[in-house]
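**Student:** As annotated by TrEMBL, substrate binding site applies to Arg335. What TrEMBL records for 6-326 is domain 'Aminotransferase class V'. Residues annotated as N6-(pyridoxal phosphate)lysine in TrEMBL: Lys191.
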Amino acid sequence: MQDKHYLMIPGPTPVPPAVVAAMSRPMIGHRSEDFAALHRRIEEKIRRVFGTVHEVFILTHSGTGGLETAIANVVSPGDKVLALITGNFGERFAKIARAYGAEVDEINFGWGKNVDLTVVAEKLAGDPGYKAVLATQNETSTGVLNDIAGIGALVAKTPALLLVDGVSGVGGIEIKMDEWHVDILVTASQKAMMLPPGLAMVAVGPKAWPVIEGNSAPRFYFSLPAARKSFEKWNTAYTPNVSLFQGLDAALDMMLAEGLENVYARHILLARAVREAVLALGLRPLAEAGYASPTVTSVYSPEGIGADDIRKVLKEELGVTFAGGQGILKGKIFRIAHMGFADKMDVILAVAALEMALTRVGYPVELGKGVKAAQEVLLGR
Ligand SMILES: *Cc1c(COP(=O)(O)O)cnc(C)c1O
């Protein structure tokens, strides 16, 4: 049926009607008092989502632009950087650091595994010369949640800065930037923040500023000192995506009206429901329960059946889009997002569609078995 699509990928995610309405308001000048008031309202609210009392810069970039902002302002050629890698996005963060001339030590924990704090502690004890440690809060390519509080406690004991990619977590998964000793925290608009793509949000803590100010490497559009200077007047250094700012204002209102604790609990509940459903269908989630992501669930396709064949039936016959695997997991897994503007019936729909698609590709499932398992979780049983 035309225009009947169910987008269940980990970004871009569905946008709530209230946010769409806010984004279609008339344009305002970005040097106007109206914009300054909007910017200030956003800032007061977004700091609560980030768990910080410090500045959160709203920048007109994609998420990767936000990561590049973090690197460009901290790293100079020859600096030593430690990258904690659990999948595709951890690898990308390391690549950006290398592009800026850093000497990057990588610890690869494996795709589907989480960061092992003992290994990090040993590495930091062995080489105290790191300028920055790069970590991913929620590894979207595998559906793994990393322990940022644990990593933060270790990095805080060293002179290194902790830079965190929170792109698919912030807004859906609890993070306490200040309390957990995160020095730069990055997210983007199109994941748990319930907006279209186009904004990155970059928060900077006090340990980072002297490093940023003293960094000799070139930067212009990505300059945090330039962003900070404009920010003092509730301005932005260059023309921002005004419509997305208007949408962000509305999205933050929605989150705070629901209550951040409730937002986080909702994501955890949806993840549990999906997990129990796929287990009931005899499928295997990629991540262990102890560190499975609250916002996206990765599932191995059954033996002998390509994950992308299942996705094709879902998309073409049922109008449901799941994400595929990335990198080494391509064709082996599919990923179901329950991120941002997602609720109980989205999960029921995803599971019901999965049961139908599995049947169509020749994997015998008892119809309704996964749905029932999800319903039990959602009913709190
Ligand atoms: C989506 C994502 C990114 C990349 O963001 P873009 O907006 O595509 O540049 C980076 N990190 C993580 C963890 C992501 O999920």
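Cβ coordinates are placed from backbone N, Cα and C, and glycine is handled just like the others.
Just so you know, TrEMBL annotations are computer predictions that nobody has curated.
It should be emphasised that the depicted structure is a prediction, and the values quoted were computed from it without experimental measurement.
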**Student:** Could you check the recorded positions Lys191, Arg335 and say which one's CB has the fewest neighbouring CB atoms inside 10 Å?
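**Tutor:** Among the recorded positions Lys191, Arg335, the lowest count of other Cβ atoms within 10 Å belongs to Arg335.
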**Student:** Over the domain 'Aminotransferase class V' (6-326), what is the model's average pLDDT?
**Tutor:** 97
**Student:** If H, G and I count as helix, E and B as strand, and all else as coil, what does DSSP give for Lys191 (N6-(pyridoxal phosphate)lysine)?
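**Tutor:** SS state of Lys191 (N6-(pyridoxal phosphate)lysine) = coil.
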**Student:** Between the residue listed as 'substrate binding site' and Lys191 (N6-(pyridoxal phosphate)lysine), what is the CA-CA distance rounded to a whole number of Å?
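**Tutor:** The Cα atom of the residue listed as 'substrate binding site' is 14 Å away from the Cα atom of Lys191 (N6-(pyridoxal phosphate)lysine).
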